[in-house]
Amino acid sequence: MFPRFRELYYITHIDNVPSILEKGILSHAEIERQSINCKKVYDNSIVLKRKSRLLADNRSLWEFANLYFQPRNPMLYRLLVQGLKPKDLAIVAVKWTIMKRDDILITDGNAASSETQIYRKSEIKNIKNIISVKDMEYWREEDGSKRKIMAECLVPQCVDPRYISAIYVSDHEVASNLKKAINNRNIPVIPDPTFFFLPNREIKLTQNLSLVEGDMFFSRMQTLTVSVNTVGVMGKGLASRVKYQFPDVYVVFQDACKKKELEFGKPYLYKRESSLDAFLAEDGEKLSDLNHQTWFLLFPTKRHWKNMSEIKGIESGLRWIVENYKKEGIKSLAVPALGCGLGGLEWSIVGPLMCRYLTKLEIPVQIYLPLEKRIPDVQLSPKFLLDS
């Protein structure tokens, strides 16, 4: 018996949605057999990998419609960094009852990967482990989570339109246009930017400075700022995420603390030579025109991890950024609400201070809002943040 969950997901070009609602989600082989004209989203390397993997009965993955348990995955990220815009894509939600079909197959990762096992329903001993990827928010190559988060339900030939429960798109304007394109059929079209690695909201304060509510580690900024202490411990908050997802950053952080290169009021810039896009996208190392480097700015907001954050040290660090960003080659910058949340400082104090300094930068800057509690709208206004 399969545990219940809400939906599975199919990633497609938004122009294909009307046809999908009429004919269903077809396997690529079935699309070719029926000579259906559709907009393809996958490049040749992805196509060849899926065509070439054969099952024991000699069927190719090309004969199956593939549904993901978690659509916010490396494959979707790849499509977006290859040049497709969020508005070009739709995520088709499929009722979990498709799993009751006896002819489906389940994979424990990206089906095209040689490391992935493909199971019949009767062969699976613990489906919960596979389905748990629906709760994953990020991934790494080293521990296999990058492959596992792309676990699939493979449906032979076609997913009947009756199984389709909703369509997710990137914003309200796209949703409105799609509703018209499908003649306002009785199916929900839901704008959800987080599915497409977009922030929940963005508030533009100046030409270069914005407030963002979302996951900073999916920012396309060249330099990501991480709040740290000066004793080399990454235990909670964003720092603990960095320690797990980017262990090389943690090693550099500890070394900088030991050598006193990172001090209170003086951030340390780690000019990492690898691309976050390559790290996050499926087969990202083979893609061209990526963000070539993702740097990390280690910004001390407290002296010891046991202490609360100190506003004076934060101001000194902001001053360092203003004085050094050009010389260091920082081209764009993402910064969390320094010292807020676990640091114990209030946005009403930190926000205006950060904006006072960061408005001086002649580069794109995103301030990521604290998620621990909702900030009153009045404290997010240009008047409050820029005129204080």
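The backbone N, Cα and C atoms fix where each Cβ goes, glycine too.
As the structure is a computational prediction, the values presented were derived from the model and not from experiment.
Sequence annotations record features per position, and here Swiss-Prot assigns domain 'DarT' to 6-197 based on sequence analysis.
Marked as NAD(+) binding site by Swiss-Prot: Tyr10, Ile11, Thr12, Arg50. In this structure, Ile11 (NAD(+) binding site) is part of a beta strand by DSSP. All protein chains included, Ile11 (NAD(+) binding site) registers 20 other Cβ atoms within 10 Å of its own Cβ.
Look at the region 'NAD(+)-binding element' (34-52): DSSP puts its residues at 9 helix, 0 strand, 10 coil. The region 'NAD(+)-binding element' annotation in Swiss-Prot covers 34-52, and the record cites experimental evidence as its basis.
The active site, proton acceptor feature in Swiss-Prot is assigned to Arg50. There are 18 other CB atoms within 10 A of the CB of Arg50 (NAD(+) binding site), with all protein chains counted.
Residues annotated as region 'ADP-ribosylating turn-turn loop' in Swiss-Prot, with experimental evidence given as evidence: 107-152.
For Glu152 (active site), the same-chain residues that are 6 or more apart in sequence and have a Cβ closer than 8 Å to its Cβ are Asn66, Leu67, Tyr68, Phe69, Ile106, Thr107, Asn110, Ala111. Following the DSSP three-state reduction, the secondary structure of Glu152 (active site) is strand. For Glu152, the entry in Swiss-Prot reads active site.
Marked as domain 'Macro' by Swiss-Prot on the basis of sequence analysis: 196-376.
Per Swiss-Prot, the feature ADP-D-ribose binding site maps to Asp215, Met216, Ser227, Val228, Asn229, Thr301, Gly339, Cys340, Gly341, Leu342, Gly343, Leu371, Glu372; the stated evidence is a large-scale study or a structure entry. Asp215 (ADP-D-ribose binding site) counts 18 other C-beta atoms within 10 Å of its own C-beta, drawing on all protein chains shown.
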Most distant Cα pair in Å, residues Asp215, Met216, Ser227, Val228, Asn229, Thr301, Gly339, Cys340, Gly341, Leu342, Gly343, Leu371, Glu372 binding ADP-D-ribose: 21
Among Thr12, Ser227, the most crowded of the binding-site residues [Cβ within 10 Å]: Ser227
Nonlocal neighbours by CB distance (under 8 Å) for Glu372 (ADP-D-ribose binding site), same chain, sequence gap 6 or more: Cys340, Gly341, Leu342
